[in-house]
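All remarks here apply to the structure that follows.
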Amino acid sequence: MVPIINFKEGLSFAGFVVIGVNFLISGLLINFVQLLLWVCLKPLSPFLFRKLNYYFTYAVWGQMEFLAEWWSSSTCTIYTDDQTWEKLGSEHAVLLLNHSYEVDWLFSWFFCEHVRMLGGAKALVKKSFKKVPIIGWTAFFSENAFLERSWEKDKTTLENQLSEMTNCPDPVMLHLFAEGTRYTPAKHAASVEFAQKTGLPPLKHLLVPRTKGFVSSIEKLRGKFPAIYCATMVFDIKEAAAPVFKSLVLGRPIAAEVLIERIPLDDIPEDSDKAANWLHQNFHHKDKMIDIFKTEGQFPSSLPGHLFSGPIRSHYRPRRLWTLLTIFITSCLTLPPVLNAFYSLFCSGFVNIVIGVVLLGLVIVALLKLMDLSSASKGSEYGHSPRTKTN
């Protein structure tokens, strides 16, 4: 029988548990500091709160991004023109993404770290996510928008949260996964059925996007966010590992490739129906780019008729040390007392050994549970609720 993991990957998993212990403890401590800042500082100076909280948010997101960039030595290659590459990271922007893989959201953070915007990465997420320790709490304190997936309830919330984002002193990269949930074969079948019923051309690799949140977001951000970066993310599964969390935990490198086109936000039609149609056309373009990549193994080097100022070529910046330093500093603060406590337990009798094993097992379960939150099955049930042509 072939083993699921080899010895090296077993060591990687053990190392992941140690890193995970640090993440759990340091994450809770950071959340406590964020809570104090939220209660005591934000009412007095929202500007200062956001400046400080940017770095605490980075300290949490950076530990997760560390798994991709350093632990597994994964890569995230950006394909765009040179002018767009130089512009990235210098402005408030919307990042319009496809939601096709288990780890695409984490690699969107990898992309943000590339362009020096990880601390300013924000998203529209499910309201229930707010209850998740560390990850959800950090998203709350960093002023992400939490939605209930009911437009009547979400409209005011979305408008208020977007207004807060425009006041951030550091550049914000607002992630929009317009499909509303992650791709699965069952959801794709529902998407194709919906497209056929409403007269929309079905997509081969993606789900029909939901337009209401997108249109409302663009209306609120117009004149305040200069650009929207249309990102098509794929993964090279022929030369690298499968794009799942298990690969990262076991140290298997994943290779993400992202095609980026910068579009001035003012170029998106102001009329709601025309803006919705623009989004559908954009996703048809994404679908075509994914099909080309799967057929030819690469993105096109030029796209006539699109807003590229020159040839499309790969861009990659050397890894920064900040996420590595974040892990090192937080580990120095959290791991010595934890390791000392476990050492004392394992050296003080059978009962305490059992307690130590149980505690270690609970830590592993907690880490696996956090990982499971990104499972495709946890997304919304695409197509099970009534939808109009403008979604």
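Backbone N, Cα and C define each Cβ position, glycine as well.
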For the annotation transmembrane segment in TrEMBL, which listed range does it cover: 229-251, 321-343?
321-343
Average the pLDDT scores across the domain 'Phospholipid/glycerol acyltransferase' (93-215) and report the rounded value.
91
Positions on the same chain near the transmembrane segment (321-343), where near means CB under 8 A and six or more residues out:
18-19, 21-22, 25-26, 29, 58-59, 62-63, 65-66, 69-70, 113, 356, 359-360
The domain 'Phospholipid/glycerol acyltransferase' (93-215): DSSP-derived helix, strand, coil residue counts:
60 helix, 19 strand, 44 coil
